[in-house]
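Feature annotation from Swiss-Prot assigns ATP binding site to 30-37, 149-152, VAL178, 186-189. Residues or ranges marked as active site, proton donor in Swiss-Prot (evidence: sequence analysis): HIS37. According to Swiss-Prot, the feature beta-alanine binding site maps to GLN61, an assignment based on sequence analysis. The feature (R)-pantoate binding site is assigned by Swiss-Prot to GLN61, GLN155, with sequence analysis given as support.
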Amino acid sequence: MQTFAEIAALREQIKQFKRDGRTVAFVPTMGNLHEGHLTLVKKARELADIVVVSIFVNPMQFDRADDLNNYPRTLEADLNKLTGEGVELVFTPTPEVMYPDGLDKQTFVEVPGISHMLEGASRPGHFRGVSTIVTKLFNIVQPDFACFGEKDFQQLAVIRQMTTDLALDIEVVGVATVREMDGLAMSSRNSNLTIDERQRAPVLARTMRWISSAIRGGRDDYASVIEDATDQLRAADLQPDEIFICDVKTLQAITSESTQAVILMSAFLGKTRLIDNQVLDLVSETKEEVKEETAE
């Protein structure tokens, strides 16, 4: 496994692989790797001849200085894990390499609409930071495939839209969320939880499943469902951040035409922000029967 901290050297090695006719799959990360990240790496291995992983804690996408400063950094352990997965190339740039003139003078990429709704409304600039760094990394690595976790649902939607809008010749591949045995979605931030917080953390996933069951059971009073879910989180001493129930394709309010919904949730445990999501079908057997009767 080769590790690069500079752009030019990484580019040259990738060009050599491509001259040899090899395909490249890319997994961008912020480090503190867990089994969820390694699942992305395994998927990348299935897709291409060469796997490139980046480890970069991107300051542009953080809206709170304390969150940036507290983000776990475990480079040595990360490199050991990637070696075990047989990764060919790892890119570990510094902020000075990625933003040589500083953030204030950095050209940015921003996907209109979707970047400013839902999570983007409460975290201004977050998705701009994501779009900018992913565009730069795509430009550096020039992958055939790029793998992202579906846990960051809106982020994945932003990246897919950006890739389409900019006509990038890259296949963006979403990979299902990997969970702990108790249902908690794996996240680098989980390592910041205290023992007590870690015991309470699965409440987020349980509440999400409750929302899903309520909707499948026929509840379409979504505002009321969200209120009930908020109460459940508070009862477990989680601080609700955001809960959205929206159309899976548009991320807008559910309409009579919606066939699938996505539940997007976030909550704080102490200083740690946890996120999760679940996609569910809205077309019930009753609705299907009505459609069949109408067709007759």
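The backbone N, Cα and C atoms fix where each Cβ goes, glycine too.
Known features from Swiss-Prot, placed on the structure.
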{"residue": "MET30", "record": "ATP binding site", "contacts (Cβ under 8 Å, 6+ apart)": "ILE55, PHE56, VAL57, ASN58, TYR71, SER188"}
{"residue": "LEU33", "record": "ATP binding site", "contacts (Cβ under 8 Å, 6+ apart)": "ILE55, THR74, ALA77, ASP78, LYS81, LEU82, SER188"}
{"residue": "GLY36", "record": "ATP binding site", "contacts (Cβ under 8 Å, 6+ apart)": "GLY149, LYS151, THR177, VAL178, ALA185, MET186, SER187"}
{"residue": "HIS37", "record": "active site, proton donor", "contacts (Cβ under 8 Å, 6+ apart)": "VAL27, THR29, GLY149"}
{"residue": "GLN61", "record": "beta-alanine binding site", "contacts (Cβ under 8 Å, 6+ apart)": "GLY125, HIS126, PHE127, ARG128, GLY129, VAL130, ILE133"}
{"residue": "GLU150", "record": "ATP binding site", "contacts (Cβ under 8 Å, 6+ apart)": "LEU156, GLY174, VAL175, ALA176, THR177, ASN277"}
{"residue": "GLN155", "record": "(R)-pantoate binding site", "contacts (Cβ under 8 Å, 6+ apart)": "PHE127, VAL130, PHE148"}
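The secondary structure of GLN61 (beta-alanine binding site), as reduced to three states from DSSP, is helical. Counting every protein chain shown, the Cβ of SER188 (ATP binding site) has 19 other Cβ atoms within 10 Å. With a 10 A radius on its CB, VAL178 (ATP binding site) counts 18 other CB atoms from all the protein chains.
In the three-state DSSP classification, LEU33 (ATP binding site) falls within coil.
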